[in-house]
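Heads up: the structure comes next, in structure tokens.
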Amino acid sequence: MKFKFNPIAVLYILLVYLELATDRQHLYPVTYMTKYYIGILIIVLFILLLVSLGKVIFVNKKLLHLAKILAMPTIVLFFYSVLLDVMNPVQFSGYFSRLSSMTIFGLLAIFQAMVVFQFFGQKVVDYTFTAISLSYLTSIIVAYSQGGLSQFILMLTDDSFNGSVLEMHEVAPITALFILYYLYQYFIKENSFSAVFRKILIALIILFLSLKRIVFLSMLIIIPVFLVIYWYYKKVSKLGKERKILSLLNAFSLVFITGIFLYIYSIKSGFIYTFIQEHNINSMARTDLWKGIESTYSFAPIFMGKGVGFVSKWMDNNWMTLNINGLTGSMGIHNDILKSYIEIGFVGLFIYFYTLLYRNAKRIFVKIGHKESFIYFVLTMFQLLIWFTDNISIYHNFLWILNLLLFSLTSTETELETQKL
């Protein structure tokens with residue numbers, strides 16, 4: 001990627017590089033809160049830069065509308081959780097604080113993406129990808145320096161090798177997002193092959209070296225979905241009937257959500273544990289976490305949920321009773337699908353996922369653009385696929401970069417109406 005020297009862009013790339021850092025890279029003392037602190041720093045810095053450069057903050061209406069679409073589910077779930085807590089108070093102390101912090105962090109991911117996109121425009125996508133590439137290059141250098149070529153190969157080939165610096169939990173799915181985004185740029189936006197090939201190649205190398213099974217599997221599922229939607233979109237576009245694409249997105253949404261409920265039922269019924277055991281799948285203690293929390297929910301339409309943040313508070317108070325080998329502290333249950341079901345209930349889960357997939361895609365189709373609803377749907381479904389066995393719903397870097405890619409969909413060469421914030 002070729003850039004004219006831009007000191008502010010260099011500063012941004014450096015900050016994102018530091019935000020993506022892990023403790024295994026030994027760049028500086030990384031804590032759980034580091035990424036949030038750097039995220040807040042980025043927000044404050046770029047707001048000040050916008051003001052100091054004499055740019056009164058105006059946001060085009062498409063950008064503002066998309067921000068509302070992205071923020072509304074988080075806000076609604078906050079008030080729903082408050083209602084649940086009033087009707088049936090969560091017994092763990094500090095629950096409301098946890099609910100509030102998770103809501104704030106979710107909105108922070110939207111605001112961070114919005115501010116940097118407002119400052120840089122479309123160029124920020126490639127700046128961000130540069131930071132990601134440099135971050136993973138650092139991991140490669142560290143991995144090689146720790147034990148030479150032999151240990152580097154061991155990290156890639158031995159499933160029992162724990163603590164590999166190459167396994168960057170956030171960077172792997174983020175890189176997959178960029179692959180899908182650049183495929184969209186090539187197929188739908190009709191960018192030249194040379195413009196996206198090198199970026200996709202770099203992303204594929206990172207994806208291969210990171211060895212995240214759920215990311216690989218999710219990509220194997222989502223790329224055929226991408227191609228089917230693309231084929232159908234081209235077909236209906238020739239007839240001037242682009243709106244028909246919404247029927248396909250609706251069908252995909254309903255089938256996917258049905259699969260989600262079958263998945264939750266398989267966990268509650270115990271079927272999935274038998275399947276995993278019979279096929280000798282290494283769940284890395286995930287199933288022990290799911291079994292441990294199964295007493296907190298029922299699989300029934302009348303189950304209303306426990307409220308956002310309940311699962312993490314439950315883990316804080318019960319992790320030591322699970323007797324899982326190697327578990328030395330509270331952690332997520334590595335299943336955001338199950339976590340969401342426990343927290344917002346049967347009907348709530350259906351409404352939430354249907355909103356994320358179809359209703360938001362329809363709003364984007366109407367208010368922002370037909371092609372943009374296409375990639376929104378693909379990126380969102382990819383995110384939900386990873387939810388099946390991961391904690392990605394609370395990964396700040398994944399969330400704000402996903403939001404950044406979505407905000408880039410509002411970019412246009414034609415002048416848009418603006419609205420003062």
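Just so you know, glycine gets a Cβ as well, placed from its N, Cα and C.
Residues or ranges marked as domain 'O-antigen ligase-related' by TrEMBL: 201-353.
The transmembrane segment feature in TrEMBL is assigned to 37-58 (among others).
Annotation source TrEMBL lists transmembrane segment at 65-83 (among others). Within its own chain, the transmembrane segment (65-83) is flanked in space by residues 59, 96, 99-100, 103, 106-107, 110, 114, 305, 307-309, 343-344, 348, 352, 355-356, 360, 363-364, 367-368, 403, 406-407, 409-410, which lie at least six positions past its ends and keep a Cβ under 8 Å from the stretch.
Under 8 Å from some Cβ of the transmembrane segment (95-117) lie the Cβ atoms of residues 12, 36, 39-40, 42-43, 46-47, 50, 59, 63, 67, 70-71, 74-75, 77-78, 81-82, 85, 124, 307-310, 312-313, 394, 396, 399-401, 403-404, 406-408, all in the same chain and six or more residues away from its ends. Annotation source TrEMBL lists transmembrane segment at 95-117 (among others).
Annotation comment: TrEMBL describes 124-145 (among others) as transmembrane segment.
Tertiary neighbourhood of the transmembrane segment (165-184): same-chain residues 20, 22, 24-25, 125, 129, 132, 135-136, 139-140, 142-143, 146, 155-156, 196, 199-200, 203-204, 206-207, 209-212, 215, 218-219, 222-223, 226, 374-375, 378-379, 382-383, 386, 390, 392, 395, 397-398, 401-402, 405, selected by CB-CB distance under 8 Å and a gap of 6+ residues from either end. If you look up TrEMBL, you'll see 165-184 (among others) marked as transmembrane segment.
Remote same-chain residues near the transmembrane segment (191-209) are listed as 1, 126, 129, 132-133, 136, 140, 156, 166, 171-172, 175-176, 178-179, 182-183, 185, 215-216, 219 (criterion: CB distance under 8 Å, separation of at least six residues from the stretch ends). Among the features that TrEMBL reports, transmembrane segment is placed at 191-209 (among others).
Look at TrEMBL and you will find 215-233 (among others) tagged as transmembrane segment. Residues 172-173, 176, 179-180, 183, 187-188, 207, 242, 244-245, 248-249, 252, 370-371, 374, 377-378, 381-382, 385-386 of the same chain lie 6+ residues outside the transmembrane segment (215-233) yet bring a C-beta within less than 8 angstroms of a C-beta in it.
Taken from TrEMBL, the feature transmembrane segment covers 245-265 (among others). Long-range Cβ contacts of the transmembrane segment (245-265) within its own chain (Cβ-Cβ under 8 Å, at least 6 residues beyond either end) map to 225, 228-229, 232-233, 236, 271-272, 299, 337-338, 341, 349-350, 353-354, 357-358, 361-362, 365, 370, 373-374, 377, 381, 384, 388.
Residues annotated as transmembrane segment in TrEMBL: 341-361 (among others). Taking Cβ pairs closer than 8 Å, the transmembrane segment (341-361) reaches residues 69-70, 73, 77, 80-81, 246, 249-250, 252-254, 256-257, 260-261, 264, 293, 296-297, 299-311, 373, 376-377, 380-381, 384 in its own chain, all 6 or more past its ends.
The transmembrane segment annotation in TrEMBL covers 373-388 (among others). Using a Cβ-Cβ cut-off under 8 Å and counting only residues 6 or more beyond its ends in the same chain, the transmembrane segment (373-388) has close neighbours at 173, 176-177, 180-181, 184, 188, 214-215, 217-219, 221-222, 225-226, 229-230, 233, 245-246, 249, 252, 256, 260, 263, 335-337, 340, 353, 356-358, 360-362, 364-365, 398, 402, 405-406, 409.
Outside the transmembrane segment (124-145), and at least 6 residues removed from its termini, the chain residues within Cβ reach (under 8 Å) are 1, 3, 9, 12-14, 16-17, 20-22, 24-27, 116-117, 151-152, 155, 164-166, 168, 171, 174-175, 178, 181, 199, 202-203, 206, 209-210, 401, 404-405, 408.
Taken together, the residues of the domain 'O-antigen ligase-related' (201-353) have an average pLDDT of 91.
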